[in-house]
Amino acid sequence: MSGVNEIRSTFLDYFRDAGHAVVPSSSLVPKNDPTLMFTNAGMVQFKNVFTGVEKRPYVKATSSQKCVRAGGKHNDLDNVGYTARHHTFFEMLGNFSFGDYFKADAIELAWTLITKEFGLSPEKLLVTVYADDEEAAGLWRKIAGFSDEKIIRIGTSDNFWQMGDTGPCGPCSEIFIDQGPTLAGGPPGSPDEDGDRFLEFWNLVFMQYEQVEPGVRNSLPRPSIDTGMGLERMAAILQGVHSNYDTDLFRALIDAVAHAVSRAPEPSTRASYRVIADHLRSTSFLIADGVLPSNEGRGYVLRRIMRRAMRHLELLGARDPVMYRLVPTLVREMGQAFPELARSEALISETLRLEEGRFRKTLERGLAILDTETRDLAAGQNLSGETAFTLYDTYGFPLDLTQDALKARGIGVDTKAFDAAMLRQKQAARAAWQGSGEAATETVWFGIKERTGATEFLGYDTEAAEAVIGALLRDGAEVETLKAGENGIVVANQTPFYGESGGQVGDTGTISGPGLKARVTGTEKKLGDLFVHHVTVEEGTLAVGAAVELKVDHARRAAIRANHSATHLLHEALRQVLGDHVAQKGSLVAPERLRFDISHPKPIDEAELSRVEEIANAVLLQNAPVVTKLMAVDEAIESGARALFGEKYGDEVRVVSMGRPVDDEGREVEGRLPNFSIELCGGTHVSQLGEIGQITVLGESAVGAGVRRIEAMTGTAARRHRATESRTLSQLAGLLKAPVADVPERLSTLIEERRRLEKELADARKKIAMGGASGGGDEAREINGVKLMARVVEGVEMRDLKGLADEGKTRLGSGIVALVGVSADGKAGLVVGVTEDLTGRYDAVELVRAGAGHLGGKGGGGRRDMAQAGGPDGAGADAALAAIAEALAAG
């Protein structure tokens with residue numbers, strides 16, 4: 001029973017038998033808490049339950065929660081691999097009571113589990129309690145038989161938990177195990193409590209107060225329980241090891257790393273193996289929960305974790321991408337407990353493979369840049385922190401790698417300046433991700449739902465229905481009536497209007513009654529099943545309790561249905577063409593068009609898009625019925641139905657099946673599953689696939705790293721789009737005097753010819769600007785013993801000025817070139833180049849600044865051998881060159 005998977009099952013089964021609902025782990029991306037970057041505790045998904053604004057169908061629960069601590073206040077990243085218990089990813093086992101049982105039962109349940117089920121010796125156990133919590137101390141004496149020496153009173157915040165400045169709070173009791181005198185350290189509360197001998201493994205939080213304001217606490221009428229046990233710590237205890245990395249799960253991962261790099265762990269490399277094993281877990285679970293590597297927010301943290309692991313693979317001698325080859329081992333070890341890991345295996349592997357390939361290029365590029373930036377630094381000097389951070393932030397070159405690369409030369413890094421730049425980046429990252437999850441739902445909806453109940457949705461079967469108004473809102477506050485000319489929100493007992501969700505926009509239409517007409521401009525869902533209609537009252541008055549008729553805009557709903565069904569066909573066609581790693585990451589299903597985002601690491605070419613469109617239309621032409629069926633969620637997944645990222649599913653789900661399997665040519669074939677597409681979906685769909693009419697893919701684009709966006713049209717809109725394209729193509733053929741089939745080739749030839757002529761023209765202008773191909777005897781004058789070539793050039797692009805300056809320096813051999821380029825709109829660009837032998841005497845930056853003011857510019861920048869500036873006043877070109885000549889004469 002000491003394996004990680006067995007321990008998890010024992011914990012959950014124990015509390016299930018004690019009447020707790022077993023609640024699946026929530027996503028690592030918090031859905032209702034914009035203050036958190038990642039889910040970092042078991043209670044996060046129950047926060048609204050603890051505060052009383054949300055009710056669940058159970059009053060006590062248990063879970064094994066996925067947690068990540070690698071950003072924000074809870075950041076263990078830099079310690080991972082170098083200590084026995086720090087992780088970026090870990091599982092928190094917990095049991096929770098929402099006003100059901102309290103201290104006595106919580107302590108009794110915990111004691112029975114650890115001593116009877118887990119078999120821990122009571123003699124090795126001890127606890128801490130909050131200094132003022134006499135009740136908890138008495139319960140430990142009674143239930144566990146502990147003496148006062150084994151009940152340690154702690155008066156600090158370590159044993160008093162608060163959700164925030166206000167809200168539920170209460171004392172804690174932590175359970176410790178004495179691992180024996182062979183390990184250093186003293187009991188909790190002693191000066192050497194940070195040693196390894198006494199290990200805390202379970203924290204029981206007794207939420208019995210509400211913090212009203214600083215210094216003011218009230219007792220809660222129904223106190224609650226929140227506990228958290230680290231699964232990895234408990235596994236180490238039960239397996240008799242003193243490091244989490246020596247448990248069965250981590251041993252399997254570390255063995256996989258050793259096999260992949262063909263190198264056995266040694267004491268000097270142990271930290272690298274641990275880093276890779278830990279980061280593989282956090283990386284894989286974050287990708288499975290929809291986070292992809294990027295340069296901001298959660299994706300920024302993910303990329304940092306990934307690249308830290310990849311850096312350690314590099315230290316172990318890996319020269320090709322390796323990390324993706326470790327994913328199957330992780331899925332084998334944890335995929336049964338977390339099915340999302342197995343479902344996302346292809347995406348995780350491909351994302352890791354591509355990211356590691358990019359990182360290896362980053363290493364090469366970063367080392368080259370580092371060499372350039374430190375050419376003038378001697379041993380004992382420091383590289384600037386800003387430069388080190390630019391290497392890290394722009395090029396993904398880690399600080400530790402920069403330090404390692406410079407260590408052999410005796411060069412350090414200004415880490416204070418680096419930390420300051422990092423702080424600015426973290427603040428920018430926090431601004432990017434804060435609120436990117438679902439905003440915390442307004443409490444007003446909880447009150448309405450408690451009073452009116454959930455809205456019954458009738459829209460699968462009808463587009464019109466009678467209903468009774470249960471609530472009205474205007475400007476966010478409940479009202480009794482809405483009058484003509486007023487805008488507001490209507491909540492009814494039932495509705496045919498679809499509420500925006502799953503990417504499908506909400507319905508529009510009308511609400512009517514005797515002397516009443518209101519226009520519904522949109523429909524949303526709150527709290528999962530409370531439908532809210534945004535309305536403008538055009539005639540009469542809407543009143544709470546009134547009976548009304550709700551009618552959906554039929555034409556708009558029909559277009560939305562067609563587009564939603566088309567997304568299912570396109571999604572499956574994309575998987576068939578691109579691979580099983582493709583997963584939908586978001587969508588917009590509107591009446592005019594559809595778009596959806598998929599996980600795919602590179603652009604989708606025209607040939608692939610064409611095949612996708614052909615496959616989807618081939619299935620459409622089957623005109624097969626679209627079948628919907630209600631099933632248990634586990635049964636649906638086992639049957640092959642695809643669950644979409646970001647969607648929440650209840651115990652019972654709606655499964656939508658479409659079409660018969662086809663091959664890449666659109667021919668019907670026998671498939672592994674009976675249908676072409678099977679997805680969990682709560683949206684509205686066509687009855688027969690033929691109702692879609694036609695699917696036209698408009699194109700694809702990048703949304704972020706590893707995410708592509710597909711846009712398409714259906715039905716009449718698709719036909720009109722194709723007709724417009726056809727007319728445009730015919731017009732092009734007429735202008736080119738070529739058959740339609742030859743238009744691409746003719747256009748390509750013309751474009752290449754234009755490029756050739758433009759290059760010839762640009763080269764000719766450069767030669768004219770610099771005095772012809774042969775140069776000239778009078779092209780430079782001598783000032784203060786130095787040759788100066790100073791010239792105003794016209795008809796030359798600003799980007800070409802540097803090239804001309806380099807050409808001038810070559811002609812001179814030794815000297816200075818000053819060029820002013822004046823554009824057609826009168827703006828000017830100034831470039832000064834100094835040959836290498838003169839850079840000790842003259843600085844191109846100073847010379848540029850001498851002339852820039854005459855062009856209306858400020859300053860200038862560059863290096864000693866080449867600098868540039870610009871300004872709005874090209875009329876000052878001659879004066880600028882004269883000023884440079886004067887500066888040269890002044891020495």
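Cβ coordinates are placed from backbone N, Cα and C, and glycine is handled just like the others.
Noted in Swiss-Prot for the protein shown:
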- His564, His568, Cys681, His685: Zn(2+) binding site (BINDING)
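Structure with Swiss-Prot features highlighted.
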residue	record	Cβ within 10 Å
His564	Zn(2+) binding site	26
His568	Zn(2+) binding site	27
Cys681	Zn(2+) binding site	25
His685	Zn(2+) binding site	24
Practice item. List the other residues in this chain whose Cβ sits within 8 Å of the Cβ centroid of the Zn(2+) site residues His564, His568, Cys681, His685, in sequence order. Key: Ser565, Thr567, Val626, Val656, Met658, Glu679, Gly683, Thr684
Study note, to complete from the structure: Simplified DSSP label at His568 (Zn(2+) binding site) comes out helix
Practice item. Give the helix, strand or coil assignment DSSP yields for Cys681 (Zn(2+) binding site). Key: coil
